[in-house]
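Asks: The structure under discussion is supplied below as structure tokens; questions concerning it will follow.
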């Protein structure tokens, strides 16, 4: 039986009194139908004696004086009444199959006087499963009905004192006056009994016996009208309390769910769950077709109508259910159709055992492995409510079935194993088959890979691996074929509110079949191996070659230097011509891409400094002619394959004469640095020495950059790198200054910088004439020995690794290897120009002697600068900060002998 309430939706909300009176009429009708399901006899109403009203009031007062403990004992004693026994061993009350005339139902709903007085001695015509019996006479202290419906709060005063002839009074005119008098009398009674009723109501609510009292009201004998409508508390306007009272009277008490969180109430795992630990009383099943009206349908009127929406579930649900998830067994005795047998412990409310901490240990509320099969630590008493409506939580109709076939949520098989039935279970099935509902067909396949274990397994197989990170219950695992569960399954926990997602181990990492056939524009190349097929970054962005003269993009090596086309043409015209260029400034004009045409004199000087000579062009032409002559001669004296081979060898030998090492040295060679000296001022000791110190610091910055760009230098230890630069900076500057003096002024003067050139006068003025003479002699050695630019570059790099501490460096072994490599490079450069080994050794001896001659000059300059630093405040010579630090810290180590140069020859 179902009661659908639609208050506040179609019609406006009635007044509170009328609202409460309407519910009282409704519940009185329900109560009378439950107690006396037979036809109504209006004659009993009129046959009531005139003094029945006073007798009922006396019974009501006596009933209120009884303690709640006596009422509870009386209620427990009612279970042995014939009315309670009439429910049968399984506790089913098939109210939806009562055969009642429509006229009697309409009379019970339409006439309010039928709800005032119960009819004793009425036989009931029961349906299936109910016996025709005579209800027991009412006890004097029977409070089943008032205690059950007392939660409704205050009763409607207009009906609380109605007499037996209320039907005649209401049909006459002017009946409202009588109702007002009755209302006043009722209010006086309420004031006297208010305190007792409030205490009784609190005890009833605290004991949580609302659902039990509603059941006893359905099976207890009828009581008097005043006992049913007797004392109550004040009228409450709160709709929440009214809804709570309605739910309690209908057996859907909300008090049992108030302690749950909103998420647990929405999840619904406390609904339709078999009571843990309850006695597994089972009755023989009726065929499924006979149970449609009472078990699987929504109400008594829907038992004969099988809609298309629920037809798949009703037709195949019993076949998909096996075992104790429902306490139902499949039997072929009842005509071969699927049958259900229901235990009496199937509860509508959440079991009290679920509140125990031990009951939640095996429950995962994120993956929903609703392990409800095991017995609880403390089995609760059997729950009285056994007649519930069975629903399939995954049966959402044909529309959902069509959409579910397209889902790809992965293999959700075998996530729950329901427990076996109790020891007294009469179910022939000892195991259950409970798994997640599949959302795809076997033909379509699945997007995710295997989840670590198949759905197969027998009952009691505890070795199955759960795909979602938790272990299955060891009992109740039914064998399944393949990885797909049966299409229809039963969830003991009720409606599942969210779909469990597979763990990361379940996600398929390989490409699917639809991707394997597509190789893409780059063939069968995988992303993880794509780096093996990518060319170096230099292939896409080659290092840009710049002109050594103006800094523009170089077009190649012209006249012995890497220059652009403009500087190539300029040098050819200027070197072959007879014009003399003079600088309008101080011979320190800036030559770049935009100002290279401003000063031809400085541009030509820079070309010579870069090593450009007309002889390099002539040597190149002679080399090409020689190769051509050798090729023509080989064509006459040898087969056709030999000329190509000889030409290739000749080209390789030519490339060896210009190794890559030299190209690097040419590219990293520092440019010309100006001292910033004012040549318009008269020369003085302080001015000249201050300009030299300023030039030394500027050149030191370029030396650091140049050293870091040398091949292999960065492989040294950081401390070794700093030490080598700080010890060799003076020798490097002297050697570079001698080369500039040789190339620019033919060693007649000391070419420190374009704006600082020392002649004889300045040499004397600087008070370092002896040191200047030795430096000029070094510059003349470049001319006497005819040092080439390639030899100069290699010798300069080797000079960097020619002075070390006596105690050695931190990585002395690697320093020695690096120094030896540069010596070999110098010997290779010498060998490229000379074919005679004797001349090569002589040349090597000359160059190494020249390198050894730099060290004594550098030592004299170290001593001079250190003495000058000490007397700088007296002679007004400025020392930049970095120069002062190096001279004050590192130079004393050299002068004291802690740091010594490495000589090629014995001194």
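Quick reminder: no glycine exception, Cβ is built from N, Cα and C everywhere.
Annotation comment: Swiss-Prot describes 546-619 as DNA-binding region, evidence class sequence analysis. Taken from Swiss-Prot, the feature 17beta-hydroxy-5alpha-androstan-3-one binding site applies to 693, 740, 865. The compositional bias 'Polar residues' annotation in Swiss-Prot covers 123-134. Residues or ranges marked as SUMO cross-link by Swiss-Prot: 389, 508. Residues annotated as domain 'NR LBD' in Swiss-Prot, with sequence analysis given as evidence: 656-887. Marked as region 'Modulating' by Swiss-Prot on the basis of similarity to another entry: 1-545. Annotation comment: Swiss-Prot describes 612-906 as region 'Interaction with KAT7'. The site 'Interaction with coactivator LXXL and FXXFY motifs' annotation in Swiss-Prot covers 708 and is backed by similarity to another entry. Swiss-Prot lists 885 with the feature site 'Interaction with coactivator FXXLF and FXXFY motifs'.
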Asks: Please give the greatest C-alpha separation between any two of the 17beta-hydroxy-5alpha-androstan-3-one-binding residues 693, 740, 865, in angstrom, as a whole number.
Replies: 22
Asks: Between residue 740 (17beta-hydroxy-5alpha-androstan-3-one binding site) and residue 708 (site 'Interaction with coactivator LXXL and FXXFY motifs'), find the distance joining the two CA atoms and give it rounded to the nearest Å.
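Replies: Between the Cα atoms of residue 740 (17beta-hydroxy-5alpha-androstan-3-one binding site) and residue 708 (site 'Interaction with coactivator LXXL and FXXFY motifs'), the distance comes to 22 Å.
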Asks: I'd like to know the mean pLDDT over the domain 'NR LBD' (656-887).
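Replies: That stretch averages a pLDDT of 91.
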Asks: Name the one residue among 693, 865, 885 whose Cα is closest in three-dimensional space to that of residue 708 (site 'Interaction with coactivator LXXL and FXXFY motifs'); these are the recorded positions.
Replies: 885
Asks: Applying a 10 Å Cβ distance cut-off over all chains shown, what neighbour count does residue 885 (site 'Interaction with coactivator FXXLF and FXXFY motifs') have?
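Replies: Result for residue 885 (site 'Interaction with coactivator FXXLF and FXXFY motifs'): 12 other Cβ atoms within 10 Å.
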Asks: DSSP-wise, what's the residue breakdown of the DNA-binding region (546-619) into helix, strand and coil?
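Replies: Counts, helix then strand then coil: 28 helix, 8 strand, 38 coil.
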Asks: In whole Å, note down how far the CA of residue 865 (17beta-hydroxy-5alpha-androstan-3-one binding site) lies from the CA of residue 885 (site 'Interaction with coactivator FXXLF and FXXFY motifs').
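Replies: About 12 Å separate the Cα atoms of these two residues.
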Asks: Count the other Cβ atoms sitting within 10 Å of the Cβ of residue 865 (17beta-hydroxy-5alpha-androstan-3-one binding site), across every protein chain shown.
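Replies: Step by step: centre on the Cβ of residue 865 (17beta-hydroxy-5alpha-androstan-3-one binding site), count other Cβ atoms within 10 Å, giving 24.
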Asks: With the cut-off set at 10 Å between Cβ atoms, which of these recorded positions ends up with the most neighbours? Options: 708, 740.
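Replies: Neighbour-count leader: 740.
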Asks: Near residue 693 (17beta-hydroxy-5alpha-androstan-3-one binding site), which residues of its own chain have a C-beta under 8 A away, given they sit six or more steps off in sequence?
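Replies: Counting only residues 6 or more apart in sequence, the Cβ neighbours of residue 693 (17beta-hydroxy-5alpha-androstan-3-one binding site) under 8 Å are 877, 878, 879, 880, 883.
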